[in-house]
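Novice: What follows is a structure written as structure tokens; I'll ask about it next.
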Amino acid sequence: MKSLNDLPAPKSTTTTYYDHSNDAWFKNRVTESETVKSSSIKFKVVPAYLNRQGLRPKNPEDFGDGGAFPEIHLPQYPLLMGKNKSNKPGAKTLPVTVDAQGNVVFDAIVRQNENSRKIVYSQHKDIIPKFLKNEGDLGTVVDEEEELQKEIQETAEETKAAIEKIVNVRLSAAQPSNIARQSGDSQYIKYKPSQQSSAFNSGAKERIIRMVEMPVDPLDPPKFKHKRVPRASGSPPVPVMHSPPRPVTVKDQQDWKIPPCISNWKNPKGYTIPLDKRLAADGRGLQDVQINDNFAKLSEALYVAEQKAREAVSMRSKVQKEMVMKDKERKEQELRALAQKARSERTGAAMSMPVSSDRGRSESVDPRGDYDNYDQDRGREREREEPQETREEREKRIQREKIREERRRERERERRLDAKDAAMGKKSKITRDRDRDISEKVALGMASTGGKGGGEVMYDQRLFNQDKGMDSGFAADDQYNLYDKGLFTAQPTLSTLYKPKKDNDEEMYGNADEQLDKIKNTERFKPDKAFTGASERVGSKRDRPVEFEKEEEQDPFGLEKWVSDLKKGKKPLDKIGSGGTMRASGGGGSSSRDDDHGGSGRTKINFERSDRR
């Protein structure tokens, strides 16, 4: 065993026990950590909020135990938060690092900053070739060169073989592949024939033949057809997980119901298709109808404008009535003064005093009250003139006064009734007759259909806001008539008469002339139809033969029939299941046909061709 002294000296030495406390970088770090700890412990008295003029906090102890001061416009770092530590003077000192062999890595100085991500060659071994790095590898340089050349040769051969394979595939694709290859080899076969006589083959006992493969014409079509073999099935198909079957509901059936295709341009068979079916096929019902808010605003504005216009019209009519009343009152005052003057001149007495203006204003409320006062004045004057009257004149005067008094009481009564009706919201007789609807006027016979007025034709605006006419589509699609009503149906003179056909059952009804005379002598202008609930019967004039109405059903809800079925022992659910597959009605059938016959109530739909005009 060799001693340790015989070992060679190491190339590089490292100090195992290295005192790091003497290094400058260690002292700086230790002192910095101590100052930070001491700064976090020491506190400085911070001035009050309004007494911080001139305060410039830079050190951690200037902040006390709090944060930064927002009223001081300086960069502040309480507890050194946010401060860049790379600006410190001790940050440029690099720590000592060692490699795997324990040697100090001095090239850390070169590998810092921008060279930290780069490959830096800082040692002597980095410039030595790879195969000369080790001192004992000088004898193996030649072997490595031979191996390198051998590897290069193998790689070249593999590359050449791959390129030739690709080229041969391209060349064989351009050449025809169905040409059979013909081998030029021939075979010689020696055999003994069965006929050994001298008459065959010159008496030879053995024969030698040359067998050659029969040549193939390259232009012949192929004798065999290549069939494509289907590819074998691989793994079984992936199972599809289905949900369990559930019965189809009515809603699902309605959702799956697809409307028939109805064209808006073609109808070659002339089917009459209702509008609702066209709209269902058009798909307009799927669109949401959005109504603009301006329609409501417009209608409200029109209503307000109409109310204001009505108020203005009523105010103008009221003012006009007052002006007419004042004018009438003035004329009555003048006539009263003239009558007083005439009476005074006739009797020879002095003129009476004129009516004061206050009295005229008080009497201007009601003109009929002025007439009454005028009659009373005349009565008193006639009493003074009694000695000059005869007996007959007096009787006539008294009769006239009675008539005037009766008329005055009638006017007073009408005035009270009108005031009472106005307070209760009722209309007077004249206003009621004037504001009657045209249908009521026609029913009462008050409508003037002859047009005797001869003035300007007045139209009712309500007649233009109807759901019929050319502006509203005129008629349905399945109607081809030009007018919806008859032209002379509302004529009250001729249409009220029922005219029988001439020479129609003359033997049964008698002479036609007598019947016509009887019709002509009847009342023509008596209304044919009266109001409902009238006591008196209407005339027998008709515009058509007698029509009989069906008697109303006494049991519309079927209660008596139900009670009778219960008495007979029938149950309402006896007929369930007796119908077809499409019937699901319970509690008995829904029609008489279902009651009589079982089976489905479904019928065949027949389309009819419409008549084109």
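The backbone N, Cα and C atoms fix where each Cβ goes, glycine too.
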Novice: Can you say which of 27-62, 135-170, 171-206 is given as coiled coil in Swiss-Prot?
Specialist: 135-170
Novice: Would you count the other C-beta atoms found within 10 angstroms of the C-beta of Ser235 (phosphoserine) for me?
Specialist: 5
Novice: Provide, as an integer number of angstrom, the distance between the C-alpha atoms of Ser243 (phosphoserine) and Ser235 (phosphoserine).
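Specialist: That separation, Cα to Cα, works out to 24 Å.
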Novice: From the DSSP assignment alone, can you count helix, strand and coil residues within the region 'Disordered' (219-252)?
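Specialist: For the region 'Disordered' (219-252), the helix, strand and coil counts are 3 helix, 0 strand, 31 coil.
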